[in-house]
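Everything below concerns the one structure shown next.
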C-alpha cells in the first residue's frame, strides 16, 4: 500500500519522511542489541496483558531485545504468552495487611520485598543493558509499586535513558511533577481523562475553548520540555516548542489496551534514535538534531498505532481487541515506511 492510499496530509507525509530517516537499514554489520533494547515496567497480579502488548509491539516493530519487568505473579502468565520476551519478576506489590499488627510498627528492613529501595536497586542494575524504559502498562496503583518505579525513573533520568510513561504511571507525575519536569527524554501518553487530570493537578492555565494544540502545548510547557502525546480522534504531540498533529485514519473501536501498542512502538523508535545518534550507519548530510528526535519518535509510534488500529478494525470490526493490533504491527510498518529494497517505489517514504 502506498502513502497516497493512506490519505495522508502533506504535513503528515513530510514529518513521516523525517521519521523514516531514524529507521536503521538492515545491515549485516549490526549485532544483537544495537537496534534497541527496551524494557516495560508494569504487570501486576491483576494486569498481565498490558505489559505484554507493549513489549510485543516493540519487538514486532523491530527492536532487538524486549524485556518485561513485573511481579512474580504476573511473570508466569506473561512468560506463557510468548517465549520471545525476557521476563524479570523483580517488582513487588504491598504485602497483605496483617490484622493483628499495627501497620505503623511494621519493620520493612527485615522484609526486603517490602522495601522500595531494595526492589528498585535490582531494576536499576539492569539500566546499563537498556536503551529505553516504558513505565505504566499494568502497573496498577499499589503504593509499593509506585514507590519502586519512582526510584527507577529518577535513576533512568540520571543516566539519560528515555522513559515513556502511560496509564497509572501518570499518577506519579500528578503527585510529583518534578519526577520528569525538565527532562526532554520523558514522553507522556495520556488519554483524554488522564490528560485532564494532569492539567488539573499541575494547574495548567488553559483558557476555555482553547484548541487541542494549545492545551497540549500548555501542559508540555508546564513540564518544561517533556514530550506529551494527547491521544484522541487525532493525536497531538508537543514538547512546548514544537507541536505535531497525527491525523492518519485509525479504527473506530476503542477497546482497552490499544495504548500499549503506542508505548511499545514509541519505545522502539526511541531505541532507533540512539542508534541514529551513535551513527551506526551513514545518516547522510544535514542530520536530524537530537532535540527533534524525541518528537519524531513519538510521531512514528502514533502513526504505527493508528495504522494498526485501522487494519485490525477492517478485519474485526466491533469485535476488535488489543491483541489484534499486535498482529498488524509489521504490516503497518510496511504500509507507512516500506523497506529498503522497496525504496525505488516512489510511493514509499
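Cβ from N, Cα, C; glycine included.
Per Swiss-Prot, these features apply:
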BINDING   138, 191, 192, 193, 194, 195, 196, 197, 260  (6S)-NADPHX binding site
BINDING   231-235, 250-259  ATP binding site
COMPBIAS  104-117  compositional bias 'Basic and acidic residues'
DOMAIN    15-336  domain 'YjeF C-terminal'
REGION    89-117  region 'Disordered'
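Geometry remark: residue 192 ((6S)-NADPHX binding site) versus residue 231 (ATP binding site), CA distance 7 Å. Cα of residue 255 (ATP binding site) to Cα of residue 196 ((6S)-NADPHX binding site): a distance of 20 Å. Taking Cα separation as the measure, residue 196 ((6S)-NADPHX binding site) is nearest to 235 of the binding-site residues 235, 251, 253.
Cα of residue 194 ((6S)-NADPHX binding site) to Cα of residue 235 (ATP binding site): a span of 14 Å. Around residue 259 (ATP binding site), the same-chain residues six or more apart in sequence whose CB sits under 8 Å from its CB are 166, 167, 189, 191, 231, 305, listed in sequence order. The predicted model assigns the domain 'YjeF C-terminal' (15-336) a mean pLDDT of 95. Close to residue 138 ((6S)-NADPHX binding site) in the fold, though at least 6 residues off in sequence, lie 42, 43, 44, 47, 48, 49, 50, 51, 70, 74, 167, each with a CB less than 8 Å from its CB.
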